[in-house]
Amino acid sequence: MRIFSFLFLLLLGILTGQGLVSGTDNGKTTDVTWDKYSLSVKGQRLFVFSGEFHYQRLPVPELWLDVFQKLRANGFNAISVYFFWSFHSASEGEFDFENGAHDIQRLFDYAKEAGLYVIARAGPYCNAETSAGGFALWAANGQMGNERTSDEAYYEKWRPWILEVGKIIAKNQITNGGPVILNQHENELTETTYDPNHTLVVYMKQIAQVFEEAGIVVPSSHNEKGMRGVSWSTDYHNVGGAVNIYGLDSYPGGLSCTNPNSGFRLVRTYYQWFQNYSSTQPSYMPEFEGGWFQPWGGSFYDTCATELSPEFPDVYYKNNIGSRVTLHSIYMTYGGTNWGHSAAPVVYTSYDYAAPLRETREIRDKLKQTKLIGLFTRVSTDLLKTYMEGNGTGYTSDSSIYTWSLRNPDTNAGFYVLAHSTSSARDVTTFSLNATTSAGAISIPDIELNGRQSKIIVTDYNFGTNSTLLFSSAEVLTYANLDVNVLVFYLNVGQKGTFALKDEPKLAFQTYGNSNVTTSESSYGTQYSYTQGEGVTAVKFSNGVLAYLLDKESAWNFFAPPTTSSPQVAPNEHILVQGPYLVRGASINHGTVEITGDNANTTSIEVYTGNSQVKKVKWNGKTIETRKTAYGSLIGTVPGAEDVKIRLPSLDSWKAQDTLPEIQPDYDDSTWTVCNKTTSVNAIAPLSLPVLYSGDYGYHAGTKVYRGRFDGRNVTGANVTVQNGAAAGWAAWVNGQYAGGSAGSPSLAATSAVLTFNGLSLKDRDNVLTVVTDYTGHDQNSVRPKGTQNPRGILGATLTGGGNFTSWRIQGNAGGEKNIDPVRGPMNEGGLYGERMGWHLPGYKVPKSASKSSPLDGVSGAEGRFYTTTFKLKLDKDLDVPIGLQLGAPEGTKAVVQVFMNGYQFGHYLPHTGPQSLFPFPPGVINNRGENTLAISMWALTDAGAKLDKVELVAYGKYRSGFDFNQDWGYLQPGWKDRSQYA
């Protein structure tokens with residue numbers, strides 16, 4: 001009986017330790033379960049290392065796989081994804097999940113192909129600095145009543161969206177062989193009252209019900225909006241509406257683009273927060289700061305050195321690990337572009353976000369540093385079940401060092417997370433750590449933190465059969481169980497590393513590289529010490545263990561490509577590669593290891609497969625010459641693109657046409673929409689009648705053109721108030737004569753002006769006031785007074801000096817809510833004449849009557865022009881060369897400029913506001929091998945006129961790539977069709 005009990009307990013320990021885990025489930029599936037330590041997928045614990053990705057902000061589906069491969073290569077095993085209602089629904093009852101980037105099935109397929117799980121976040125409200133927070137724009141005009149409550153009017157609008165998108169999510173759940181493991185309900189919705197009948201509780205119940213109706217069975221989650229409330233946790237005042245996995249969002253950096261000494265203050269109360277409010281659940285951060293957005297008039301992302309610094313992930317993400325977080329999602333990991341009119345007014349065209357992966361899809365040092373954490377968590381299974389042993393400044397020989405001490409109760413593995421107690425400190429501090437190990441108390445010597453640096457020191461760390469690291473002052477990057485157990489350490493150059501292997505006698509070893517290893521004896525065995533030299537050092541021990549000692553720069557170029565497509569990668573399911581810029585994947589076939597990747601410059605490559613049958617290395621399909629090292633790796637050279645000359649065409653053959661013919665008094669607007677409403681569903685009353693809110697007439701995104709008529713020569717002016725978002729300007733003309741307006745302000749959503757008609761020619765009858773308005777997006781929910789319902793367009797227009805307007809008409813994007821360009825979608829275009837006529841689309845034939853002027857010539861007064869040109873590119877097929885357009889304007893220029901590449905609005909340039917003047921285009925929007933149609937619209941906000949002084953194509957980095965960036969993108973670039981009905 002005792003033997004049976006022992007075997008039973010042993011089996012139970014295996015099932016609940018490193019093997020299969022039984023945890024709490026939601027009663028719908030056991031494929032995804034949880035306990036207070038971590039999430040488990042298919043019975044195996046998982047450290048969820050996730051990155052936020054918004055497919056809408058990269059409208060080329062093929063490039064989603066490019067991004068996913070880069071995330072997987074850099075240690076991620078999941079993506080978190082918003083699904084924006086606004087992107088898929090141009091009008092009520094219509095949903096597009098088929099055309100171009102609207103085909104989200106491809107998103108799930110690519111995620112699965114890349115080996116990434118998916119956390120689905122379909123709202124219905126998302127926020128995300130996107131227009132109206134992701135609400136369909138046709139609904140964001142007041143008709144939903146009290147949004148984000150149980151209001152019946154709101155329910156009737158959002159329910160069809162969640163049902164439709166939910167069915168696709170359900171189809172792709174892990175229970176159906178797909179990648180979806182979690183499904184978020186709503187977004188940052190603070191539970192204000194713990195009352196089962198409260199409207200928010202009822203609303204969350206409604207969301208759960210509709211998702212269930214759609215077929216969702218994976219666990220539900222939610223994201224708390226910082227430490228401001230406690231919402232929807234089953235462990236705290238659960239009166240209904242609670243989700244399975246509680247999450248806490250946090251953006252603690254407080255960093256400044258212009259002041260490198262500001263912020264950098266760690267939050268060290270996450271652990272207590274989760275213990276208080278979600279103690280039976282794993283600690284989950286659905287959004288942790290991966291960067292920060294920048295507003296109109298702010299800084300451009302490339303200048304934000306503090307946000308871009310690799311110090312940030314090193315210190316902040318490791319602090320989260322020390323706080324026992326085991327579900328960690330970085331917002332953003334790839335930001336992308338607010339192309340078209342998809343941005344909320346708080347951001348400009350770029351949504352780079354200072355994220356680890358640049359808007360151009362280039363890998364920043366920030367991502368390289370993040371990879372070191374991702375690869376560590378991927379193999380460190382003991383980290384998935386720990387308790388907080390303690391924390392504070394008493395663990396080291398220097399009280400300026402703060403320590404988190406985590407312990408695995410089953411294996412005794414220890415994880416000590418170290419950082420300066422004052423997290424913003426830049427001191428170089430050397431100290432020893434008082435650690436608890438299976439060999440007793442050990443003082444681990446010569447640990448150095450170089451300013452804003454953090455380290456995870458491990459003890460009793462198993463890295464394979466009969467291989468345990470008793471301790472190490474060098475950080476573990478990863479390990480592999482191949483023909484031998486391979487352990488990978490990293491340190492800064494010049495820092496000291498000391499480690500000991502558990503239960504091992506003094507081992508003979510051979511060193512290959514610049515780091516000299518010495519030994520010393522102690523009560524717990526042999527201690528191996530070294531000072532990290534430059535580059536890579538390999539140490540081969542007589543017991544078979546192979547250790548790589550990497551400096552940080554070498555670690556940044558170290559990869560562990562999996563040989564499995566599963567997001568869960570065991571230590572025997574990856575190989576080790578050092579050297580290139582990117583390793584996308586690897587496989588072993590018939591004695592050859594085949595590696596795909598990218599390289600900027602020619603580099604060496606070292607490959608360790610642990611397979612003696614592997615004699616050759618192929619890089620992007622081509623065999624490279626290699627030599628075998630004494631410790632079993634293969635070393636060769638892979639080519640880069642440093643010698644490639646990128647020759648971009650000059651843009652000197654332009655045609656121009658008038659894009660504001662509506663300012664002329666005899667313009668025929670008889671087919672325009674008549675503004676005749678005297679009431680609005682919007683809760684905000686207009687300042688005058690008729691209602692001139694653009695949304696009330698079916699025009700939502702982009703430029704709007706209004707024409708108001710009045711009689712009499714005695715009218716002295718007009719008082720006009722326009723609200724189209726922060727920085728949005730407007731201009732007005734009377735009978736074709738400039739009358740004034742506003743250049744907009746980054747701090748104002750609405751601007752007013754008293755237009756003076758003195759000196760302007762008026763008629764007895766039928767004078768025309770033309771008002772052209774820019775647009776920077778619909779507000780998010782948090783903006784007063786009514787969030788997404790804050791109207792767009794003219795809030796009020798009255799005449800001074802007597803009389804009233806006799807009529808108003810409005811024109812916006814061609815077709816309004818008809819979505820006449822379903823590939824590019826409902827937010828791509830506005831109401832400028834050139835847009836309505838499709839002058840920006842490929843295949844448009846410019847008439848001979850067009851002038852041969854360019855944006856450098858500009859306009860001399862308050863006018864508008866639409867400039868078009870074509871050019872060809874012929875980049876090498878194996879190159880990834882991000883291309884952008886650099887604009888500039890003379891100081892003092894006040895104008896609204898838009899950039900269209902092959903029909904996509906990929907730039908909104910306000911030279912008087914900034915900050916953005918460089919606009920990148922992803923392949924698929926631009927043709928790297930073929931013809932391109934470039935259009936620029938420009939209208940002056942004052943009678944001083946406007947012109948540009950720089951319009952040139954620029955190349956970013958150059959990379960030899962194993963990814964096909966030069967495909968036929970024709971299906972994403974539908975061409976011109978006659979649009980004369982929208983004049």
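Note: Cβ is positioned from N, Cα and C throughout, glycine not excepted.
Annotated substrate-binding residues in Swiss-Prot are Tyr82, Asn127, Ala128, Glu129, Asn187, Tyr251, and among Tyr334, Tyr353, Tyr387, Tyr395 the one listed with them is Tyr353.
Within the set of recorded positions (Glu129, Glu287), the lowest number of other Cβ atoms found within 10 Å of a Cβ is recorded at Glu129. In this structure, Asn197 (N-linked glycosylation site) belongs to neither helix nor strand by DSSP; it is coil.
Within the same chain, residues at least six positions away from Tyr82 (substrate binding site) with a Cβ under 8 Å of its Cβ are Glu52, His54, Gln56, Arg121, Ala122, Gly123, Cys126, Ala128, Thr130, Gly134.
For Asn719 (N-linked glycosylation site) paired with Glu129 (substrate binding site), the C-alpha to C-alpha distance reads 32 Å. Cα separation, Asn276 (N-linked glycosylation site) to Glu287 (active site, nucleophile), rounded: 20 Å. Residue pair Asn676 (N-linked glycosylation site) / Glu129 (substrate binding site) shows a Cα separation of 33 Å.
Nearest Cα neighbour of Asn601 (N-linked glycosylation site) among the listed recorded positions (Asn127, Asn187, Tyr251, Asn466, Asn516): Asn516. DSSP assigns Asn804 (N-linked glycosylation site) to coil in the three-state reduction, outside any helix or strand.
Look at Cys257 (disulfide bond): DSSP puts it in coil. Asn714 (N-linked glycosylation site) and Asn127 (substrate binding site) have their C-alpha atoms 48 Å apart, to the nearest angstrom.
Rounded to the nearest whole angstrom, the C-alpha distance between Tyr353 (substrate binding site) and Cys304 (disulfide bond) is 10.
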